[in-house]
Amino acid sequence: MSSSGSSDEAASPSLAIVTSMQIYLPMLLVSVIAFELLRRPHPVAFACRRRAARTASTLSSASFGFLRWVLPVMKVSDDAIVELCGLDALVLLRFLRLGRKLACCGIILSIVLLPVYATADWTSSTLDMLDREGITGLKPGDPRLWASLLSMYVLSFYTMHLLLLLAEYKAFVRRRHAFLSKPDVQQYSVVINDLPRSLRTREALTKYLKYLFPTSLQAVVLSVECGHIEALVASRELFRMKLEHALAESATSGDRPLHIVKTRGTAVDAIEYFERKLKSRNEVIPIEIDAIEEKQRVLYAAMTDETLTDAACVSDHHYDDDDEDASRLRESLIEYHAEWTQPSQSTKQTRTLLKIMRHSAFVTFSSLQSAHIAQQLLQTETPTTMRVEAAPAPSDVVWENIGVSRQVRSTWQYVSVLVTTAIVVFWTIPTAIVASFAKVENLRQVWPSLDDAFAKHAWLLHAFQQFAPLGLVAMTAIAPVVFSLLSKREGHASTAAIDASLFIKLGYFQFIQIFFVSVFFGSFLTILDNIRAILDTSSFMSFLIIKTGLSLSLELLRVVPYLLSRLYLLCAPQLTRRERSMAWYGLRPLHEPGELQYAMLLPDYYQAVLLTLTFSPMSPLMAYFGALFFTLSEVVYRRQLLFVYDPNVHTTGAYWPHLYTFVMTALVVAQSTLLGVLSLKQAPGPATAALLLPVLTLLFHLHVVALYPRTAANLPLLECCRLDVLRSPGATFPTTTYVQPALLARPPLRADYAELGSARPRGEGIASESSSSSLVALYTDYEDKDM
């Protein structure tokens, strides 16, 4: 009996939390000390933004003593964050701030709730300390349940106050308008999708837009089918890299390397082979580009001119039979459509030529007013054509998705929804098993023989208690890969839109798997007998502790990028400077961190907000762990954004509308969970009063979505006019900004001769003087042959 009693004591939820704290909080402390010892001797790993002028800032170039960077980093203003890191970075940091404020509200409420719960007449004298400090220990009908309800009211109104009245959404609108006011080409451009057949040439679309915007149209660029040119450009880049590699290898070894031609199975001189291939690509690419442009000119000449007279070419408007001009125009349109119904030889040729034209175009204006009017105008009464939206930054365009037809996009979006739903639904099975059988009491019911093992080896019990939160963390590691592939195929025009789509999928996935399954299925063996099975907050507290101690330690020390960079150095070619600076199968050098992956990061913090809102009124200790997680996360990611990750100042804040929706969903889930617990506690008064909370939240949500999303999407026209006057006579941008990169690849590529003399073979030092001189001779030979 004594051994069983000691085993039960060891299995208590409060002891599980203490064990988690003893493991992961010292881990975080050790990581901080190690970081402080390593960051100054190794700025290439911990201050990557210093490596280039385009990424460096005053703060990232400064030197700080032990932990003396914390205050300067925390004092960086929101304006500076937007300027140095981009709007998406500010959205992340403000969301962390929002979570911290919600957790602090829960801490203040705990000052009242903890004494209220602690002085209750508990349902059992053997309750664990964690249960005594929460709603699970209250008897059915206990008047103290009113305190839980009032706390949820306070937390709900405070959340809505933060989101709107205290300027979270209003601040986002201001930041969006400031971003839309910038004098960059992105702000002056739009992308038109699903163009009608008659406007799929540059001349035709220019004529149409000139009719609408006669004085402010600057550039019209239609996307074309040029996959064969893109393949040629990619192969040319590959041949240049292989040629540089062969030249450097020959200069290092003194021998001319060989290359095996797979189609012939013979070995040839690598330098001569790749220089011929490079020269061939340099010659054929301009010819192919000229052929594409000539086809566009022939297509325009072959199209019916009557369809380009005015905006009627994209309209199915019903004309008045009494209007003679309208009748003539209608007849010409009927004749035009008849040509396509009963095609002549020239029409068949036009149809063939039309296949090279995609369904989208980029349009750049010289005034903000025209750019925003174009986005808000209804171009045609047909809902499936002429959809206008803001253009992404040129570096953010996903060219393979530009011009994809509406049918293809719709098909892939439906497939994405079905696959995502299937993953979410079927993944609940392994998640439920992990969440259920990782709990000690459930394991004992299935395997009673484990009692003896736990009694003899108490450390086994502590180890098993960590499996549930670790299992929840591990179960979310696979889904991002599949969701990322699906998001890329949905036809989004920019990487920002792809990342936002990925974030939505991951947000719902984590909500269903970590919260819903764990709460309502995680203890299915005992849920009917004990309400504590529903509110097993110890696993969620341990989850936050793990995210605080383990995840932040890995992020601060950059453990994962370091391991991947070691793999990169072992496997990737490193002979030339170009090879050393390029990614290789997704692997990067340690000093090339790339941008912060917000889509992968934000779902974790949404989950933490959900746990804070749900359990703070029912288990007040949750708020303390939430506050610790959000506070330390803000410190760590402020530092990483300002010192490590590459900035992207062209981000549009695409995550905030989805974050707002998720917070509203979390609030309703928290209120509904409390309502269910109050019902199970047989408290009709508090349960009835709790019914009002979701209704008020829904009304608040409807008010916000009716006003602010549309306001944030566009810049007010009066502000556009004011800025246009200040910037008169108008902005000018290169007309080739939104031309597909393959169509700009006319200039020939040449090997980077100057850098190959300092090539460093793996395992050796810098090339010797004799190697350098022989390399120069090879350069000369190559240049003579190329001439």
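From the backbone N, Cα and C atoms, a Cβ is placed for every residue, glycine too.
The following features are taken from TrEMBL:
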type     : residues : note
TRANSMEM : 15-35    : transmembrane segment
DOMAIN   : 16-163   : domain 'CSC1/OSCA1-like N-terminal transmembrane'
TRANSMEM : 103-120  : transmembrane segment
TRANSMEM : 145-167  : transmembrane segment
DOMAIN   : 187-313  : domain 'CSC1/OSCA1-like cytosolic'
DOMAIN   : 349-401  : domain 'CSC1/OSCA1-like cytosolic'
TRANSMEM : 414-438  : transmembrane segment
DOMAIN   : 414-677  : domain 'CSC1/OSCA1-like 7TM region'
TRANSMEM : 467-486  : transmembrane segment
TRANSMEM : 506-528  : transmembrane segment
TRANSMEM : 621-639  : transmembrane segment
TRANSMEM : 659-680  : transmembrane segment
TRANSMEM : 687-708  : transmembrane segment
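621-639 is the stretch from 145-167, 621-639, 659-680, 687-708 with the greatest number of Cβ pairs below 8 Å to the transmembrane segment (103-120). Within the same chain, residues 98, 101-102, 105-106, 109, 112-113, 116, 135, 138, 613, 616-618, 660, 663, 667, 670-671, 674, 677-678, 681, 683, 685-686, 689-690, 693, 696-697, 700, 704 sit at least 6 positions outside the transmembrane segment (145-167) and bring their C-beta atoms closer than 8 Å to a C-beta of that stretch.
Note: the domain 'CSC1/OSCA1-like cytosolic' (187-313) comprises 81 helix, 21 strand, 25 coil (DSSP; helix = H, G, I, strand = E, B).
Break the domain 'CSC1/OSCA1-like N-terminal transmembrane' (16-163) down by DSSP state and the numbers are 107 helix, 0 strand, 41 coil.
Sorting the domain 'CSC1/OSCA1-like cytosolic' (349-401) by DSSP state (H, G, I as helix; E, B as strand; all else coil) yields 21 helix, 14 strand, 18 coil.
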